[in-house]
Amino acid sequence: MVKLVFARHGESEWNKANLFTGWADVDLSEKGTQQAIDAGKLIKEAGIAFDLAFTSVLKRAIKTTNLALEYSDQLWVPVEKSWRLNERHYGGLTGKNKAEAAEQFGDEQVHIWRRSYDVLPPDMAKDDEHSAHTDRRYAHLDHSVIPDAENLKVTLERALPFWEDKIAPALVDGKNVFVGAHGNSIRALVKHIKQLSDDEIMNVEIPNFPPLVFEFDDKLNLTAEYYLGGE
């Protein structure tokens, strides 16, 4: 029986301020840092030993991963970073206050952008200060694959190759895996793992804390799902 532990990053400064974050590289808040530490403590209490870990290229997920591994006494575990585990790109909504966006565009439209599976928000301008097109961490990517906005469908299309090439093979190989990522990149992978419908995934929320555990048999059939700490 192998374990896959998903840890959404702890609360970020923009979570705290109720802003759309997406690919903006925002740091953890004080509360978020403590959530990551507590995640590590829960992992240690549960006796979960990891063989490898994966995270995004955004600091809130990287720091959460490092803290969770440190406080579970597993900081030595190899960590691979990938843009494919980044949060969903919120396009032109990035940096906007969610309540103010609802006032500007209407509650219903913002709800559709946030929760529908396949409706895209407005594109981010190429010259936006948060544009990935001018960010050095994405310099190895062809501009055609760098998004200007994403819905959950596109987020899954981006994350799925990483699941198929890295995460799933490790699990099949009998390895326990930690994934420190983001609300929507985790939701996308959960949709795939559980084969949820487009409508079903709309009601799935991934909290900043505690970590979510999936257990699989040797054929990668899901056998158990639970949050650490009993939540």
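Each Cβ is built from the backbone N, Cα and C atoms, and glycine gets one as well.
Record features, source Swiss-Prot:
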- H9: active site, tele-phosphohistidine intermediate (ACT_SITE)
- E87: active site, proton donor/acceptor (ACT_SITE)
- 8-15, 21-22, R60, 87-90, K98, 114-115, 183-184: substrate binding site (BINDING)
- H182: site 'Transition state stabilizer' (SITE)
Cα separation, H182 (site 'Transition state stabilizer') to E11 (substrate binding site) (Å, whole number): 11
The one of G22, G183 whose CB sees the fewest other CB atoms within 10 Å, among these binding-site residues: G183
Neighbouring C-beta atoms (10 Å sphere around the C-beta of E87 (active site, proton donor/acceptor)): 26
Winner by Cβ contact number (other Cβ atoms within 10 Å) across the recorded positions H9, R88, K98, H182: H9
Structural state of R8 (substrate binding site), classified by DSSP into three states: strand
Candidates W14, G22, E87, K98, namely the recorded positions, that fall within 10 Å of H182 (site 'Transition state stabilizer') by Cα distance: G22, E87
CB contacts for E11 (substrate binding site) [other CB atoms within 10 A, all chains]: 21
Nonlocal residues around W14 (substrate binding site), in sequence order (Cβ under 8 Å, 6 or more apart): F20, T21, A24, V26, G95
Cα within 10 Å of the residue listed as 'active site, proton donor/acceptor' - qualifying binding-site residues among G22, K98, G183: G22, G183
C-alpha spacing of H9 (active site, tele-phosphohistidine intermediate) relative to R88 (substrate binding site), in angstrom: 14
Rounded inter-Cα distance in Å - K98 (substrate binding site), H9 (active site, tele-phosphohistidine intermediate): 19
